[in-house]
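Since the structure comes first, as structure tokens, the remarks are kept for the end.
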Amino acid sequence: MHSGSFAYLRIELGDFVAFIAAGNILLEYVIGGAAVARSWTSYFAILCNYDPNDFRITVHQLGNDYGHLDPIAVGLICIICVIAVHSTKGSSQFNYIASIVHIIVIVFIIIAGITKADTKNYEDFMPFGVRGMFKASAVLFFAYVGFDAVSTVAEETKNPARDIPIGLVGSMVITTLAYCLLAVTLCLMQPYYTINIDAPFSVAFSAVGIDWARYIVAAGALKGMTTVLLVSAVGAARYLTHIARTHMLPPWLAQVHDKTGTPINATIVMMAATACIAFFTNLDILASLLSISTLFIFMLVAVALLVRRYYVPGLTTSADRNKLALCLVLIIGSSIATATYWGLSDNGWIGYCITVPIWALATIGLKVFVPHARQAKLWGVPLVPWLPSASIAINIFLLGSVDKDSFIRFGIWTVILLIYYFLFGLHASYDTAKEFEENRALDANGLEEGQVASAQDERTGSAL
């Protein structure tokens, strides 16, 4: 089974980096599903003419971040879990029909919204300045979590080498275009400071006098979020299954049910974790934490791409390997320095005059002094090393715009992953790899003995 970032990072950067990445990928799916489920409750409340918190249980002792308990989100996740466990084919058919409805609703929102556009809303084009723009960009990255789920269903496609890249690129282009058009439409309908954070489009249509449209929008949003949850459930279960097959996680998570053909154990575990997070946690916390994991994974994949293009064990010389390592250290180090300076300095610029040239020189050095060790056969990233190097710098830079509390939560999760890996995952994956090598050696010996016996039989037969 191909499993996106995890499989790629495991091949290029090894088990340790792959496991840390895998833990964050699973965290992305859990938090992303929880965020969507809580948003589903908000839109459902708007559809029923209630405030979103009217459908939640408030527990003041838990504080504002964790005190609005959401039983509706938990119930929705349970229903999605049953559908995902039952049939992958059924899930795909449901998503296909739902996607058509979703496109119709998006087109309706854009056309109907533009008829009530007021360009005066854009007079204050960047109210929170450049820093506000980058902070919003960092948080927005959680919207791109689902694209990696496309690669997790490679086992269930007829021609994955062709279909997966087309699906990834095509869906990313369409979704990015839809995001931009919807954002522009919303800001043309309402000033930014009056936008409702729980159900923005439904409230916006009411504000411009098209009250009946709020129900169409809310229904379309509910359908869209239901589809997102189902796709997330399918993708998350397959990620967990693939990781469990390496024995980095308990292998019973990799079991596939004989009748349904779905990884039931993995699906139930992931959806149970999603339900627990969705029940307690505020949407703002989920979005920020999710963005850190997403940016971190994107950065690691860009590093892995450079390693893949410039290093092949046994072919790359020690000198070229050392030059590659030095360039990567300088690219990553200068990017971290730039992000740190951005986060700590309000109006400074001198630091960028040092860190940005170091990044540029390291990338030039990689281009000029390190020969390519491997070329892409079918699909390949263009402008190597500039594009992946820029991806590393941009992803790390956006991390500098995320709030401190989210980094603390991310650090706690990373510590938990490290403890598990060194106590359990490392030994289990090592034992599995050793067993695999022993079995392969036995198979090779058996094959050789079979070839010898066959040759002896032929000689005996010819003598007779």
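Glycine residues also receive a Cβ, built from the backbone N, Cα and C atoms like all the rest.
These figures come from a predicted structure and were not determined experimentally.
TrEMBL annotations:
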- 379-429: domain 'Cationic amino acid transporter C-terminal' (DOMAIN)
- 16-37: transmembrane segment (TRANSMEM)
- 69-87: transmembrane segment (TRANSMEM)
- 94-114: transmembrane segment (TRANSMEM)
- 134-154: transmembrane segment (TRANSMEM)
- 166-192: transmembrane segment (TRANSMEM)
- 212-240: transmembrane segment (TRANSMEM)
- 261-280: transmembrane segment (TRANSMEM)
- 286-312: transmembrane segment (TRANSMEM)
- 324-343: transmembrane segment (TRANSMEM)
- 349-366: transmembrane segment (TRANSMEM)
- 378-398: transmembrane segment (TRANSMEM)
- 410-430: transmembrane segment (TRANSMEM)
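Counting C-beta pairs under 8 angstroms (sequence separation of 6 or more), the transmembrane segment (94-114) reaches the transmembrane segment (212-240) with 3 or more such pairs. The list of residues near the transmembrane segment (261-280) in space but at least 6 beyond its ends in sequence, with Cβ under 8 angstroms from a Cβ of it, reads 26, 29-31, 33-35, 37-38, 62, 66, 69-71, 73-74, 77-78, 80-81, 84-88, 233, 236-238, 240-241, 244, 252-255, 286. Between the transmembrane segment (212-240) and the stretches 69-87, 166-192, 286-312, 324-343, it is 69-87 that has the most C-beta pairs under 8 angstroms. Here the transmembrane segment (324-343) has Cβ contacts under 8 Å with residues 134, 303, 306-307, 310-311, 316, 351-352, 354-356, 358-359, 361-363, 365-366, 370, 389, 392-393, 396-401 of the same chain, all six or more residues outside its ends.
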